[in-house]
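Visitor: Pulled these features from TrEMBL for this protein:
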- B:32-51: transmembrane segment (TRANSMEM)
- B:82-101: transmembrane segment (TRANSMEM)
- B:108-127: transmembrane segment (TRANSMEM)
- B:156-173: transmembrane segment (TRANSMEM)
- B:194-212: transmembrane segment (TRANSMEM)
- B:218-236: transmembrane segment (TRANSMEM)
- B:243-266: transmembrane segment (TRANSMEM)
- B:272-292: transmembrane segment (TRANSMEM)
Amino acid sequence: MTKHLIGHAPSRRSVLKGMGAGLVAASAFPGYTWAQSSAPIKLGFQLHRTGIGAAYGRWYERTAQAALKVLNDGGGINGRPVEIVFEDDATDPKRGAEVVEKLASQAGCDAIFGPLFSHVVIGSAPRAGELKIPYLVCSEGYHVASGMLNRWTLQPGITDVRAQVSSMAPWVMQNLGKKVTMVYPDYAFGYDHRDFFTEAVKAQGGEVIAQIAIPPTETSFTRYLPQIPAETEVLYHVMVGPAVLTFVKELGDFYGSGARPQIFGFIDSLEAVDTATPGLEFLEGTHFWEGHNRVKQADASEAETFYRAAVGVDDNGASVSDAKDVSTYAHMFSCWETLFIIKQGMEAAGYQGPADRQKFVEAIEAMTAFEAGNDHPQGAKMFNGKTHQVFGHQFISKVEGGKLIRVHQTAIEDGMYPDAVDYTTQSF
Amino acid sequence: MKVWILHVAVLLALLVLLLVLPAYHATNLARIMVLAVFAIGYNLAFGYTGLLSLGHALFFAAGVYGAALPVTYLGFAQLPALIAGLVAGAVMAGLTGLLALRTAGVSFMIVTLMFAQAGYLSLLYFGEVTGGDEGLVLPGAAGLIPGLSADAARTTIAYGLFALALIASLLLVRGRFGRTMVAMRENEERSRMLGYNPFAVKLAALVLSGLFAGASGAAYALLFGYAGASFATIQYSILPMLWVLMGGAGTVLGPLIGTAAMFYLVDIAGSYTTATLLFVGVALVLLILFAPRGILGTIRERWLPWLP
């Protein structure tokens, strides 16, 4: 990323020469450079290295690096080696669009992948569409399948939140209770949970009896807890950021040692947080959604073991070099799997260079299923080329002795919903 | 005369740069020009009138949403939406000013900051309409000017807007009202004694400032196809202040220089380290120590006293 600093070339040339160079660079160069297909394939990674997504970004980078090593050791893509250019977007949508620009136009990447936070994805996708560069997001937002984005934006590596939420509702209804109170952050991420879980609960004959939205500036929750109706059977919580520790502690103080409802939460609250942290004892016996089991389960597959070792994660879900550095295990597999989908798509499209980007997108759209294995350690998945969204298994785990132990695995079909968009009818 | 030659030369140089720079830097320049309009607006309030506001994110976001909401819900074409955004910025600045200008100095900073925070939280609160933190996707620059590609249309509009803003601010600060604004900055009591109404002058300056901020926000949303509540966060109040401080408060070209310098400082530092804000901080400390009037302010002080 350091090759072309500002103004060097033009300042040394006359304006006319510069214009000529500009024209050549704009039109002719890509064709020549990319015709030679032994050059490395360059992928851009839009990384939340700083900002509120930094804990995720750290692990997304490690996972992508580990996957890259496996990919290159296995011969790369179409026999060509692969490089990843990581660029920090500060978890900011404005910077995100600039990073897409930088990776596409300056670094000359063939495709871009990796962003997680919805606002960054939504802020960047329009620019990726304009630049006509494939943009593969690892975001779990419903924004891809809702039809909000464009033909160049795909989410083949992780199930979206609408599918996650609706696939778990039946188990929650049958095993935990039918009267639900939801506590969620008062912004878009929370609304996806509110809307889709409420709908799914209704479909199962249950009822959401209270919805408690917590404003993003709140640091203490004691004044919200009395709003939880006494007849609540299940308390559904999803919180993001450091507030979750306070939330859990205050919830513990609120219920004391008396009776409490069943508690079901989203692991997003506790990604990169050790479940055995002092203050989180109240979580013992509660349930969580996990996109991928953080703690290595007794029946772990070979692929799971392979993936865990390659990324450098121990059996508890922490870094092998630092047991306090807990991973974002429920999400980061998406970087790994997306990279191998890029490989599969590029090989199916006979990808040579940026001129084949459209073929590459079409090749991914044509995919329907992914087998579980080293390329897909989280498990088998089904891909909907029309909505650009993948669907996979979801897991429900219970905290036992401070560890998350899986108690249920959903079927892939459990999360499916009617298509809201057909991107394949849109022009490139 | 040499003032006009200089500014026209700068505009011509920008045009040449837009034509010869590689695609990445040309688009960056388009971004910088749009954001420089925001900085020019901030400079009118802060650099010329002495109003240290921490609430300009509100006016910028008013522009962003003043343009984005009509496009999304009322089917506005993009150019009328740009005008709606600019008006929204000015109106928001007028309303804020009516209340906030009852205070001055530190209190003014705090009151404007509070308004901006209230604006940000309102955008989140009405998330169903505004898209909240996730935001709204807009049509983008394609088709803005028939026959031109998205990139060409974006660059043309960004350039046109910047040129207009630069010339307008030059005319303004060299005119009678500009001198009145400076009088408010230099000695409010004395100008009151001379018969000026400080409240009215400051309110007018703030409205103009909001108009520029609104135009910039609207253009940013429309040209880059995204509106979101993050544009209303505190950093969009701090950034124009930093751009103006770096370029030189109370200079016409300072906002452009400051915006460009800060943009590339972050862009280049980002290739080496995650601590990009440290680079920005160090640059500002050095600036305060060795060139407290900013880049152009220092040049004016030492070598070119005729710079506006």
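Cβ atoms here come from the backbone N, Cα and C positions, even for glycine.
What does the local environment look like for each feature on the list?
Guide: Same-chain residues lying 6+ beyond the ends of the transmembrane segment (B:32-51) with a Cβ under 8 Å from its Cβ atoms: 14, 59-60, 108, 158-159, 161-162, 165-166, 169, 172-173, 178, 181-182, 184-186, 201-202, 205-206, 208-213, 215-217, 219-220, 223, 239-241, 243-244, 247-252, 254-256, 258-260, 263.
Outside the transmembrane segment (B:82-101) by six or more residues, the chain places 53, 55, 58-60, 62-68, 70, 76, 108, 111-112, 115, 119, 199, 202-203, 206-215, 217-219, 221-222 with a CB less than 8 A from a CB of the stretch.
Residues 51-58, 61-62, 65, 92, 96, 99-101, 133, 229, 232-234, 237 of the same chain sit 6 or more residues outside the transmembrane segment (B:108-127) yet have a Cβ under 8 Å from a Cβ within it.
Here the transmembrane segment (B:218-236) has Cβ contacts under 8 Å with residues 30-31, 34-35, 37, 54, 56-58, 60-61, 63-68, 71, 78, 81-82, 84-86, 88-89, 113, 116-117, 119-120, 123-124, 127, 130-141, 144, 154, 157-158, 161 of the same chain, all six or more residues outside its ends.
A Cβ distance under 8 Å defines the sequence-distant neighbours of the transmembrane segment (B:243-266), meaning residues of its chain 6+ beyond its ends; these are 6-7, 10, 28-29, 31-33, 35-36, 38-40, 42-43, 46-48, 162, 166, 169-170, 173, 182, 185, 276, 279-280, 283-284, 287, 293-300, 307-308.
With a threshold of 8 Å between CB atoms, the same-chain residues lying at least 6 positions outside the transmembrane segment (B:272-292) that come near it are 242, 245-246, 261-262, 265-266, 298.
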